[in-house]
Amino acid sequence: MAALRWLSAVVAVSTTVLAITPEQMLSAPRRGEAIPNPSGNVALFSASQYSFDTKEKSSSWNLLNLKTGDITLLTDDANVSEIVWLGGDDTSLLYINGTNAEIPGGVELWVSSVKDFSKGYKAASLGASFSGLKAVRTRSGDIKFAVNAQSYANGTAYNEELATKYASTARIYDSIYVRHWDTYLTTTFNAVFAGTLKKGKHQYASAGPLKNLVAPVKNAESPYPPFGDSTDYDVSPDGKWVAFKSKAPDVPRANYTTAYIYLAPHDGSSTATPINGPDSPGTPEGVQGDANYPVFSPDSRHLAYFQMAHKSYESDRRVLYVYTLGSKTTTPAVAGDWNRSPDSAKWLDNKHLILGSEDHARVRLFGPVPIDADDDFKPQNFTDGGAVSSYHVLPDKTVLVTGTAIWTSWNVYTASPKKGVIKTIASANKIDPGLAGLGPEDISEFYYDGNWTKIQSWIIYPENFDSSKKYPLFFYIHGGPQSATPDSWSTRWNAKVFADQGYVVVAPNPTGSTGFGQELTDAIANNWGGAPYEDLVKAWEYVDKNLPYVDTENGVAAGASYGGFMINWIQGSDLGRKFKALVCHDGTFVADAKISTEELWFIEHDFNGTFWGARDNYRRWDPSAPERILQFSTPQLVIHSDQDYRLPVAEGLAMFNVLQERGVPSRFLNFPDENHWVLKQENSLVWHQQMLGWLNRYSGIEEANPDAVSLDDTIIPVVNYNP
């Protein structure tokens, strides 16, 4: 019953402010989105929790009363992987059972009820590991659903347990990608499958085999890896259509971001066709970039989606388009000049949408946005701080929001365009003992003059912060580079965990950051070590001059991905001498090694050309330049994992080699089973012990605070053959 431990915390929680440790954060419950029932009085959500004592993870599905905030357990059966409301009433459910009694490697669809979940029944047997369940109940009472799985070219779903095993482990490629994110490509690919559950007198039953809607389109794939999920496709409310996103199959996938939104009959009676392809009548002129998030209107007459204009720039501005099914005219942009890049949408009604977008280091909701809004229409925000992760429109047209913030891992509330935030229903810092005492007072922000414009930065305070005292600086640099440090919870780079070691964390959003207008985002192109570095220098100078409670003499700095590149760049720069220690996680080091990445469009955009045609651009910001290496002197921890194919592990090894040969105190931390991110809890705990232990040793935190994380907390032996 470990999964239920946190449920009792709903009743009462200590008001004592506690420092949050890495172990507390990693073992705290991780909750999913709150999904409301048709009446909007109860919501479903998933939860999982890892125990460092038992080394096991428990999972559950729960019900949240949207009026009282009370939480009750629905099921703690680990085989229940996904649940959706069946529709037609407020209690019926459809879920995926992650096992199959008849087919090894398959799953099952079950129908049940919140009244007595254990008395459900099997409605369909599926012959592979399907996931991403979406379902609508049609007027006939039948259920039209879509799921996704790996597929063979012939349309058959791939089942790993039943697949042919070759005697050789060889891989052979005639095209790129060879590998992507953390996976070597094979001849199988992701595909969306459609199916029907027929309504019988007493039960639903499968109407026949699933239809593969993607395989008939050569080289199409949906959801698109590595981050594609069920938001890459949608089922129309009338059950007649499925829309899905795929990278454009007619251009080299490693060189272009171009994507199409395809429309297919749910019954698979004809091949899917793109609504925004090069030969589609509705395609807007000059719009050739990534497209995503297709979502049908309630009346099934319109399909909203986002698309970028640039065909090889993954961080171009997204623009909302609304396609009318059956239309042969150009699909109009909606609020086309809005200087934000929305990435989610929900229909408020048949004529208006709610949009989610990054905005000034938050993720906020905007609307209502009319589908016929002119280019100069400016959507209005109606949520506050934090980061919205999902949302659903309720019957009364209020919006049920699930989000996070730097101070809470789960925050459920209602909001509306007219009233703004209405009511907080549940928040992790009020439920979980390990997060007790965290609140919005733990953070603040400031703006300062950067290299060429105003730059925003977060401040995160430690437990029992006292402005009359001094705390070492923890300077955090985000990755991307076209990304941001938002007001959101993270289990990888949790600023509050860092602060509670005894630091004041400062996290700037320099040139290249998203959510502050496209000009700031675009300005990092061919400028990696230029304006962003100067922005960071000026952030440090601002802190040194204006925040008397920050001890910059004993400050430390850390960054990941592009932030890791910047740590390596700082190591060879004057700013590097301002820090007692540095941590580089998965950062680039050798300029010429960038060609070993997988998404070539990224480097070719950010360095204004190909590796052979613009080599000087690649080398302009080279942390491994000899004159920079000669400046290396600040102790540095290098972290790099074997399954990182975005920035291969050789980059971390190269940096560590140079640091060691230069006699700079240094350590290399490697995980053979992690990618660009460290996700497994046991590995993440070691990551925190080593990262914080390294910084604490050189900042003085370890000596001043006996409870601080230490390098010695890790039981993994250190390999050291130095004479």
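Here the Cβ of each residue, glycine as well, is placed from N, Cα and C on the backbone.
Here's what Swiss-Prot has on this protein:
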SIGNAL    1-19  signal peptide
CARBOHYD  Asn79  N-linked glycosylation site
CARBOHYD  Asn97  N-linked glycosylation site
CARBOHYD  Asn154  N-linked glycosylation site
CARBOHYD  Asn255  N-linked glycosylation site
CARBOHYD  Asn381  N-linked glycosylation site
CARBOHYD  Asn451  N-linked glycosylation site
ACT_SITE  Ser561  active site, charge relay system
CARBOHYD  Asn608  N-linked glycosylation site
ACT_SITE  Asp644  active site, charge relay system
ACT_SITE  His676  active site, charge relay system
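Counting only same-chain residues six or more apart in sequence, the Cβ atoms lying under 8 angstroms from the Cβ of Ser561 (active site, charge relay system) belong to Gly479, Gly480, His585, Asp586, Gly587, Arg646, Leu647, His676. Secondary structure at Asn381 (N-linked glycosylation site), taken from DSSP and collapsed to helix, strand or coil, is strand.
In the shown protein chains, 22 other C-beta atoms lie within 10 A of the C-beta of Asp644 (active site, charge relay system). Over all protein chains present, the Cβ of Asn451 (N-linked glycosylation site) has 18 other Cβ atoms lying within 10 Å. Among the glycosylation sites Asn79, Asn154, Asn381, Asn451, the ones whose Cα sits within 10 Å of the Cα of Asn97 (N-linked glycosylation site) are Asn79, in sequence order.
Here Asn79 (N-linked glycosylation site) comes close to Asn97, Gly98, Thr99: these same-chain residues lie at least six apart in sequence, with C-beta atoms under 8 angstroms from its C-beta. Local packing around the glycosylation sites Asn97, Asn154, Asn255, Asn608 was summarised as the count of other Cβ atoms within 10 Å of each Cβ; on this measure the leading residue is Asn97. Sequence-distant neighbours of Asn381 (N-linked glycosylation site) (same chain, 6+ apart, CB under 8 A from its CB) are Asp359, Arg364, Leu365, Phe366. Checking each of the recorded positions Asn154, Asn255, Asn451, Asp644 against Asn608 (N-linked glycosylation site) by C-alpha distance, the shortest gap belongs to Asn255. Asp644 (active site, charge relay system) and Asn154 (N-linked glycosylation site) are 31 Å apart (CA-CA, integer value). According to DSSP, Asn97 (N-linked glycosylation site) sits within a strand segment. Taking only the Cα positions, the spacing between Asn451 (N-linked glycosylation site) and Asn255 (N-linked glycosylation site) is 31 angstrom.
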